[in-house]
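According to Swiss-Prot, the features are:
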BINDING   25, 87, 126, 457  (6S)-5-formyl-5,6,7,8-tetrahydrofolate binding site
BINDING   233-238, 252-258, 277-280  GTP binding site
BINDING   233, 252, 254, 257  K(+) binding site
BINDING   237, 258  Mg(2+) binding site
DOMAIN    223-377  domain 'TrmE-type G'
């Protein structure tokens with residue numbers, strides 16, 4: 001693979017702030033030469049590739065030593081970008097990493113754009129678009145299962161599936177072309193209407209099966225959106241804090257203290273649960289609280305799971321009954337809190353599968369996690385170890401468009417259209433799938449995607 005010609009770029013690859021180590025990364029033809037200008041140690045042009053080399057970063061203008069470093073020297077093409085890469089490992093800190101970055105830029109490097117290292121890896125054929133996107137998914141993964149799914153995508157699980165499907169579609173199109181251009185070739189099977197119907201059904205089944213993983217993939221990537229609802233002061237925020245095992249929401253005895261929607265994540269069996277602590281849903285004249293209530297209602301409508309909290313020490317109120325009614329069609333778990341107090345709630349008016357808890361005394365909180373696991377994981381088989389899951393909205397949209405093109409082929413077949421006239425829609429399916437891997441993606445899309453990456457990646 002011949003890499004494209006680019007100027008040499010540089011960026012800080014570690015988070016800005018104090019830390020044990022900071023890394024300034026360079027990529028491009030002049031990486032070694034630029035690093036050598038500011039490095040006092042071994043001659044980098046002579047060191048073996050993929051080695052760490054001890055020395056100091058020195059300002060060539062005044063010979064001031066900036067830091068004691070280890071330099072990682074990696075020669076193309078066996079690097080992430082398939083270009084020469086230098087990684088300067090410094091002591092962590094904002095000042096020292098910035099000083100070294102500015103030195104590299106002064107000596108000939110250019111400040112990298114967000115995601116430019118990964119973009120070069122894509123443009124140089126090191127990764128395709130799905131693998132590049134997987135890099136960001138790994139960075140943003142909140143649990144081990146989300147990370148594992150992203151790692152599989154980085155390893156090419158989705159790419160291989162899409163590429164194999166595209167190849168089968170291309171073979172079908174080639175067969176049609178041969179039938180049209182060389183009808184005298186008896187050794188090539190004729191693409192009959194029936195055979196085209198079978199091929200189309202095969203492609204549809206494969207893409208539909210992949211699309212059906214989108215819900216699971218979304219959960220792995222974004223978490224189970226979980227709204228904690230209940231009238232004011234029944235213990236919603238205390239439950240949130242208990243699940244998180246830290247204080248993040250405001251907990252007081254004053255009704256209405258949660259005036260907004262608070263979002264936090266908790267790890268349930270390796271899958272992120274996005275907990276949304278809502279303001280108590282009640283009528284109020286307080287404008288700020290009204291906004292929180294409206295957001296709570298919206299969160300309830302959009303939630304994958306609803307945790308409805310009721311107060312066991314009080315009879316059911318009209319608000320409780322309203323919440324039971326509006327959440328009955330949701331994926332819901334009803335929680336009876338404050339069971340350490342005298343029970344006054346009417347159990348005969350509640351669902352039979354309630355969970356009795358005491359947030360104050362941390363009683364039966366583990367049963368909530370068990371019920372969530374049953375609802376989403378055990379019953380639904382949510383996460384299979386070796387499966388490939390669609391988790392990217394762009395991929396999902398393109399698979400849906402590809403299926404629409406295949407449905408157009410089917411409609412044409414039902415109408416009795418000749419096979420050769422259906423090539424347009426079949427070709428469109430092939431092109432759409434190419435947008436997923438980047439083989440047929442427009443430059444504007446590629447630029448937009450990589451602009452979402454962080455600097456230094």
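Glycine residues also receive a Cβ, built from the backbone N, Cα and C atoms like all the rest.
Ranking the binding-site residues 25, 126, 236 by the number of CB atoms within 10 A of their own CB puts 236 at the top. Here the CA atom of residue 87 ((6S)-5-formyl-5,6,7,8-tetrahydrofolate binding site) lies 54 Å from the CA atom of residue 233 (GTP binding site). In this structure the alpha carbons, written CA, of residue 237 (Mg(2+) binding site) and residue 126 ((6S)-5-formyl-5,6,7,8-tetrahydrofolate binding site) are 47 Å apart. Within 10 Å of the Cβ of residue 237 (Mg(2+) binding site) there are 25 other Cβ atoms, across all protein chains. In the three-state DSSP assignment, the secondary structure recorded for residue 25 ((6S)-5-formyl-5,6,7,8-tetrahydrofolate binding site) is strand. Distance between Cα atoms for residue 126 ((6S)-5-formyl-5,6,7,8-tetrahydrofolate binding site) and residue 236 (GTP binding site): 48 Å, as a whole number. Recorded residues residue 87 ((6S)-5-formyl-5,6,7,8-tetrahydrofolate binding site) and residue 236 (GTP binding site) have their alpha carbons 48 Å apart, per Cα-Cα distance. For the pair residue 25 ((6S)-5-formyl-5,6,7,8-tetrahydrofolate binding site) and residue 236 (GTP binding site), the Cα-Cα distance reads 46 Å.
In this structure, residue 237 (Mg(2+) binding site) is part of a helix by DSSP.
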